[in-house]
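Undergrad: Dropping a structure here in structure tokens format, bear with me for questions.
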Amino acid sequence: MAIKSVAKEAEEILLASEMITLGARLQVLQAETGLSYDRLARLYREVKGCSPPKGMLPFSVDWFMTWLPNIHSSVFYSVYRYMDSHTPAKKSRALVEAYRLYLEQASAGRADEPSGEPVLSFTRAWMLIRFFDSSMVQLSYCERCKGGFVAHAHDPQKGFICAICRPPPRAGKTRAHAAAAVKPLIPLKAVNAALASAKAAPAKAPAVPKRPPRSSVSLPVSG
Ligand SMILES: [Zn+2]
């Protein structure tokens, strides 16, 4: 009977806890560690304070091809690949580190909603790596920006233009976006009070750029 190393087990528990914090589902933890289902379920409850969600994992390659998820997953995968090949963090470690970096990038410039759901969940990020490992997807390189983007395996590379260089016409025109655009920045009452008390000073509306400048590094967050 093989005796399991205590140090190895401690390492796996630590890894599993970090993954749970980042939003990993139980199936992901089972695949990435040698811990039993019962121990993982207990760990999940300890870390999250609730039972792990049941049901199937999202299994769709097509999800990664729609424009917004495509941008987010391409950023994540580029970071992951760099981590896995150029730093001591390999495989599941690289996944955790790369996902943390992705979260940082995805929330940059969104100080107003820092706790908003990321476009790419941890479980989807993990699925994406599995899709790459099983050659179901590939990186296609944009002819304009030269960036590598997630694409279906065997898609022709010639003439490929990414969703950042050529966003679809509907980009940034969701209902959530429209609602945010019409929501006044300052409550109307405060504006009226300020106008009444300072009639002499010309009222100046705050300048709000319609869309982020091209050089902005923050990722689009709604489709
Ligand atoms: Zn491009």
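A Cβ is built for glycine as well, from the same backbone N, Cα and C atoms used for every other residue.
TrEMBL does not curate its annotations; it predicts them automatically.
The model shown is predicted, which means the values in this text are computed figures rather than measured ones.
According to TrEMBL, the Zn(2+) binding site annotation covers Cys142, Cys145, Cys162, Cys165. According to TrEMBL, the region 'Disordered' annotation covers 200-223.
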Undergrad: CB neighbours of Cys145 (Zn(2+) binding site) within 10 A?
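TA: There are 12 such Cβ atoms around Cys145 (Zn(2+) binding site).
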Undergrad: Under 8 Å Cβ to Cβ from Cys162 (Zn(2+) binding site), same chain, six or more residues apart: give me those in sequence order, or none if nothing qualifies.
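TA: When sequence neighbours closer than 6 are ignored, Cys162 (Zn(2+) binding site) has Asn70, Ile71, Ser74, Cys142, Arg144, Cys145, Gly147, Phe149 within Cβ distance under 8 Å.
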Undergrad: Can you check which residue among the binding-site residues Cys142, Cys165 has the largest number of Cβ atoms within 10 Å of its own?
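TA: That would be Cys142, with the most Cβ atoms nearby.
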Undergrad: Can you check what DSSP calls Cys165 (Zn(2+) binding site), collapsed to helix, strand or coil?
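TA: In the DSSP reduction, Cys165 (Zn(2+) binding site) maps to coil.
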Undergrad: What does DSSP call Cys145 (Zn(2+) binding site) in the simple three-state scheme?
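TA: Coil, per DSSP.
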